[in-house]
Structures are given as C-alpha cells and as structure tokens.
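Chemist: Mind looking over this structure? Questions follow.
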Amino acid sequence: IDTGTKRHMAGSGSDGTEDSDSSAEREQTNSSESDGNMPKRQRLTRASTRLSQSSQVFLISAVYHYGGVTSFPSDTPDLKRAADHDESPPLTPTGNAPSSESELDISSPNASHDESQAKDQANRDSDKDLSHRPKRRRCHETYNFNMKCPTPGCNSLGHLTGKHERHFAVSGCPLYHNLSADECKVKAISREKQEEEVKAQEESNSRHATRHQTPTSKQSKYKEQVAEIRKGRNSGLQKEQKEKHMEHRQTHGNTREPLLENITSEYDLELFRKAQARASEDLEKLRIQGQITEGSNMIKTILFGRYELDTWYHSPYPEEYARLGRLYVCEFCLKYMKSQTILRRHMAKCVWKHPPGDEVYRKGSISVFEVDGKKNKIYCQNLCLLAKLFLDHKTLYYDVEPFLFYVMTEADNTGCHLVGYFSKEKNSFLNYNVSCILTMPQYMRQGFGKMLIDFSYLLSKVEEKVGSPERPLSDLGLISYRSYWKEVLLRYMYNFQGKEISIKEISQETAVNPVDIVSTLQSLQMLKYWKGKHLVLKRQDLIDEWKAKEIKRGNSNKTIDPSSLKWTPPKGT
C-alpha cells in the first residue's frame, strides 16, 4: 500500500482538511514500517474518522425500560464493529440522532478508564438524560396521592363508604356529609351485617317463594316497627333546631351538606345514608377503572332551554367539552356548545323548533315524533349523550342506526320542548318494545314517564305483539314500570266480569309480557298456590283504593289516547 494513499485515507477529513490527530497516526505508521511489522489497516469511513479520536472507542447505549438504564461496556465487539461499519450517526434509545454529549461518550487514547469506570460514567450520563423526562406513572394510587379533596379543611382521609383510607372527591368526603371517618367505618360494619341477614333470609325463602305469598311473622313485625317509627317523627322543626340549621348553612354555605337530623324519621334518614354510600362506591369503582376523572372531566351542570340541570352520571362527551364542567345544549337540535355566547348565536340562527322525523301522535300540546337512527344519526347520538347524564346503565352512544327513537315533546309558542324519549330496536329478537327510556328531570313526577311506557305498549298492540322492556332497568325505570303494571292489572280486574281469569288473556289484551304480569301479581299478593294450582285472587281492597285515586285524579291530560295515534308498523328495515 502506498504511503501517500494511507496518509490520505487516515489523515484527511471528509472536507479535505487534515484532522488534529493525523500526525499521531503517521508516526505510528512510520514506526510500524521501520520495524517491518506493518499490519494491514481496514479502510476507514467518514463516520469512523469522525468518531475515532483514539484506537479505543467507547460506545454507550442507554436502554429505557420502565425507568431503568442498561449500559454496555466499551469492549463489546459487536458494538465496536457496528461503529466501524455504520456510516450514519449513532441513534439514541428514542430513535433520533443524539442531541447532547451525554448520549454519546468518546474517550481519549491516553485515558486510563477501566470497564467499571465506563459503566459508572454511563449511568451518570444516562441519569442526566432521564432527569428531564416525566416519571412513569406506576399505578393510580401514585396519581391519587397527589390530589386533594376540594372540601375546605379536609385532609382527604377516610371515605363515606368506610372501606377506603382516602378520598379525593366530594361524593366520598365524610366531612362534607357532616360525619367523621370513624363514624363512616362503624356505619359500614352495621350495613354489612344487615346485608348478610337479608341475604340469609332471601336464601331461606327462595325455594318456596311461590307457595308462601303471605309475609312471615318477622316481616310483619318489621313492617309494624317501621310504620311506628314514621308515625313518631316530628311534624316540623322546633325553634332551636331551625336556628341550628340556619347557623350551619350560614357558616359553611355550599361547602357542606345541610343538616338532615330531625327533618325526617331515623329510618328514612338511614335509608338515604345507605343510598349515598352506594352511589359513592359506584363512583369510586368508575374512578379506579379510569372511566371518569374526579372533578376534572365530568360535566356538573347543563344549560338546557330555560332550565339549568344538575347531572347525575358521567357521559362520554369529547374531552374538550367535558373538562369545562358546564355544557350548553340547544333544546331543539341538541347540539352542545362551550359557552353561553356561542349558544345565543346558535339560537339566533337555529331553524329547528321540533325533533326531526315524523309526528306520529298529537293530543293537545303533547306530541310524539318517530326519529330513525339511520336517517338522523347526529341528532340521535346527541340525544343518547344527553340521556347518559341521567341514566346509569346506558351503554348505547354512537351505534344508533339499528334503533328507532320516539321523542315526546310539549308545545308552546316557542316550539316543541323535549319531555322524554324511548328507543326501540327495529328488529328485536326477544320482542323488546323499549331499549332505553328517559324522562327529563324537569318533567319528572308529573305523569310523563307512564305516558311514555303506555305509548310503547300501544305500539306493541298495533303490531299485535307482546312487549317487555330490555333489562337491566335503572332504579327509576323499575319503579315506573312496576307502578304502570300495577295500574294495568287493577284496571283489568276492575272491568273483569267473569269467574275464571287467565294470565294469557291478560297478556294478549294489555300487551304486557306474562313474566311481568306474574311478578306484579306476586308483589300485590294476588297469586296463591293451592292444591297444586296457582290461583289469582281478586283483592277488592286494592281495586277500591286504585279506583279512589282515579276519581281524585279526574280527567287528566297525562294519558295516551289511542285514537290520536297515526302510525303504521314499519316494514322491513
């Protein structure tokens, strides 16, 4: 090999200039030639020339794995060979070119670094690189302990359920509910004992539930005790109690729950406390599962028409809207907005005054519109998101095409205002006539829920089918359906003139599923097992009580008139 060629290869940089240590390499080359033992030298690329400040190259690679660092020693043959043959700059563990000297360490030939020193230097350099990176969140407890309960003066210790050591939301704060952490634990123990006793009692009675319709002596005694407790409650607060309640409200304002003692009976107050603890436990499970983030991504209130509504549950609105805590919704097209200014501008140009679709029922100011989820997809999706704010078990949000939505409205001179709705599958294999049903909070306890249920069964009668709601029902939905089934059966009994009654005939005439009829008869204690047969008892006291309520109610507009229905069952969809 010509000496000039070697000098050009080893001593010239990529830009044609001579490197700083080229003289050292020429001295080594001349000395090796003088000895006659000149080894063959491999061709150096641009990258190896740029990196080789010495005959020994230390290449340190940091591997990130859950915050840990692994360093490779400098004498690893594979790494040295890769450095000699790779023409591109070495990559950092993130896949990008190195941005600092800490990601690439080059030592001089005269440095006396051994392998352990190289490892220590690698660890120090890698720690320097990792200092600017966010720490990996190991579990939800790490995140929770950085949070704090928003209640003033609370240290986040304890939980309303008595099962957790800490809380981070008002729903689980003992201080907000005027309790202490120890009191919550004591109440939790007593609730568990009561639940175990109830379960044991239910298991003992489950085998012969149909045969023993009359309450046991223990149940009758308990019912009498509850009635006695409720009779003995105070009819009103005394002067001292009123002053105490007012002082508590003036001192704490909305940061504490109002005092509930002496407002109702101890039995009803305990039932309310149990419901609070159960709701708090459900919210805790959702928070642990990551479905909601306490206090940040849960909509608290919505402005809907002339009403401001407090929400009950989490709804999967987009994060940019959910994190605001307050949502503005157009009551006609159900479009959701971020501010009242945007809502005001939208209302000025919104042309909708009623839901889309066909009006299939009208009597007085009440109308029902049939909306196809396939034709009006955006409206139905917005309706489902709105409904989830007030429903616990609802899971349908975006896949609305297989459903029909029946939206009930109340009309005035400004338009048709949303009262409630129910959805129904176009082709239900189990003949469900309702998939989801909701009455808006401002229209609850006014008879609109029974109207929606009655309208769903009216559609089943026109279809000549027997219908039933899809399970599971929400708590309020179950109460409404049981009340409706009870009213239907008592009305049928009142008008029935025959001697023998058949559950099948009741089902065909009312379109109510036989299973729902039997469960309602059992709850009314009108079904008895005698001599191998099930007999339906006509309890005249219940019928007379229902008739008295009907007369007292009078001619109310909260009833469905079948003659006002203009609807034909949809054919193949």
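Cβ atoms here come from the backbone N, Cα and C positions, even for glycine.
Annotation source TrEMBL lists region 'Disordered' at 1-55, 75-137, 195-253. Residues annotated as compositional bias 'Polar residues' in TrEMBL: 45-55, 93-111. The feature compositional bias 'Basic and acidic residues' is assigned by TrEMBL to 77-88, 112-132, 195-206, 221-231, 239-253. The domain 'MYST-type HAT' annotation in TrEMBL covers 294-569. What TrEMBL lists as active site, proton donor/acceptor is E470.
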Chemist: For the compositional bias 'Basic and acidic residues' (221-231), jot down how many residues DSSP puts in helix, in strand and in coil.
Modeler: 11 helix, 0 strand, 0 coil
Chemist: Same chain, outside the compositional bias 'Basic and acidic residues' (239-253) by at least 6, Cβ under 8 Å from its Cβ: which residues?
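Modeler: Distal contacts: 259, 262.
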Chemist: Would you mind checking how many other C-beta atoms are within 10 angstroms of the C-beta on E470 (active site, proton donor/acceptor)?
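Modeler: For E470 (active site, proton donor/acceptor), the count of other Cβ atoms within 10 Å is 17.
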